[in-house]
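*Asks:* Residues or ranges marked as compositional bias 'Low complexity' in TrEMBL: 226-237. Residues or ranges marked as region 'Disordered' by TrEMBL: 200-237. The repeat 'WD' annotation in TrEMBL covers 582-624, 625-659.
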Amino acid sequence: LQVFDEGKDVTPHPLFHSDPNAVVPRQGKLLASSAHFGATGSGTYGSSSTSISNASTTESILDETVEPGSRRDTTVSLSGVQGRQEEIEEELTEEDLDRSVDIYLTETETIWILDMPSVAVSVESEDAGRIQERNRIYADICKNRPGNDRFVEKMMQTINGAAKNKEVQCDQIIMEDKGMTVTSWDLYNSFNVLEIKPTSKAEGSGATAGRSTKPHTTKEHDQTMSVSSDRGSTSSSTMISESSVLARNHEEEECHSEAILTSEKFQQDLFFMERILMENIFQPKLAAYRQFPVLIDPDVTSGTSGTVAAVKEAKEKEHGKEKKDKDEQKEAFIDPSILSDVNKILEETVPPRLERLWSYTCDLTNGHSVSSMAWSKVNPDLLAVGYGAFDFKEQKKGLACCWSLKNPMWPERIFQCEHGVTALDFSMASPNLLAVGMYNGSVAIYNVRSCKDVALLDSSESSNKHTGPVWQLRWVEQDRSATADGKTEGLICISADGRITEWLVQKRLDCTDLMKIKRTESEKKKLPGEKERKSEDLISQQAAGMCFDFHPKDTNFYLAGTEEGHIHKCSCSSREQFLKTYRSHKGPVYKVAWNPFSTDMFLSCSADWSIILWHQDSQSPLLTFSSTTAVVHDIMWSPKSAFVFAAAKESRVEIWDLSVSILDPVISYFASPREKFTSVLFATNTDCLLVGDSRGEVGVFELQNLAAPNSNKV
């Protein structure tokens, strides 16, 4: 065969060349005839003759490899092949043999041994639109995944790939040792380059004169050397004197600037400047806190001109809308009183919510958990916050900070404590005294008028000090005489050592026990036929106290919550017995609170996820609120309504309104994933709520659209 490409002979050369000296193997008749036929057809350009020659060659090879037992069948098949070859030879004519036949070589199908599909697709490809749609669907799924019940997180273990060792050869690293000789003078000069001692001009001139009055024994050369030494000494002394003058001026400037920064007048100016800046920054939020309208300065800069224009446009639209409504009323003859009732109904349909205004936080409080909060009895803008951990493993140094509304970014007073702060409260008789209870059982009293970080009184020297954490303390006014003016204020504390104590504030702190909380056996109903069980011996006869609250009208009675889950009603007159015991909680009672309006009712919260409403005359709970499976750390009644109270759970803050629902809270504010709510406190003069968390922040929230009923209604 010969292959031509546009007249050029491109026939491939054979890769195998036979050796003429090699022995030719024996061939059968069929092989000889096929070889002869192939030689005859090699001069032609027909594809059919080539295929026949190849077929005959293949069959001849099979003939050589066939077994002897099947020789008969092979002979028959070979004779048939010879007959077919003769028929084909007879059919071919001279014209067929002389005719040129074109043969086209095509590429065979590609066989893929390894196929790694690409993770990226060209935008111009056909599948680009479909893949973009799949990516969008996947992004929507990932976005809607948090909080969806259709997704479940599971952990899977995958097989780690086998490690491979890879060696790399690099050029040899040439190491060289170098050294140098340094004298002691070089070391001294290197360490004292910046410490140039100031020298006087007299010393400089003396040094110059000393150098110029050297004896000269040679002629011109010695004179030249002396002149050069005189010039060098003069220039060096001048440089030293200039550097000394500059150093002295720099020291004087530093002393002068330090005196200015530490002056009392400068500190006072900075204080006023800080107040002005805080007022400018937090003015809208403070106005919302005090429920004042937010005012806009008419002389604003050009940067806020758009805001003023927007406000004016909104007012014009509102004015036009009111005018249009009045016109419609006149046309339809609608009574304005009916329209006002409709507007009230529409306002009631807006759901209540908590709007975050700001947070009391700074670098010092980051990482400390908020344990307690208390308002000043005289100044409603002054807030005391205690920072400390409740868990024994997380204990560290505590803080007691006094925050003011005039500066929400930094506390006015900071009191460092050696142990975590667990409770604090302001005095009413002496508003400048702040009592602080700590995790190690000590009690300290600070003077907030003083800027010193030193306790005014401390219980460390008292022989009756607590041996467990002080979980709650409060200044309580009690009647000590028959006259109305005979009220005295005492500091009451409850501790984990099972004691409720009253501290006397004199030259030093000392206490007396109001009650030692004894453990009580749980009342279990005896089944019929069951034998009496022996009483178990208790490790400690005293139960750990967790919280207390005095009656709002009669301060001779108070409630005490224990770690057992019991609530005891006690009297200051009886120090040995409980008046009543309320048993319903299955975990430690963290807070009890009397209702300030309905003084026969009180609330309690516990680690058993529940909040219970009690009546003091009944030992069975009236209502039990349990909306989530989370520990309830704190509760507080609203100072403006007998039906509203707030609860701080680990995962969220809840506002309950018993006049609306006793099943679900009216407001639920959820915490972020890395924080837990620890305490709540209502503002005394506004509709705001303060919430403390585990990150050291005290959030200030405004209660919006909460239609609280009349406080006198019970």
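Here the Cβ of each residue, glycine as well, is placed from N, Cα and C on the backbone.
Help me picture where these features are in the structure shown.
*Replies:* Within the model, the repeat 'WD' (582-624) carries an average pLDDT of 92.
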*Asks:* Six or more residues out from either end of the repeat 'WD' (582-624), which same-chain residues have a Cβ under 8 Å from its Cβ atoms?
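*Replies:* Cβ under 8 Å, 6 or more out: 522-523, 544, 546-553, 559-569, 630-637, 639, 641-642, 645, 647, 658, 662, 711-712, 714.
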*Asks:* Take the repeat 'WD' (625-659) and count its residues per DSSP category (helix H/G/I, strand E/B, coil), listing them in that order.
*Replies:* 0 helix, 19 strand, 16 coil
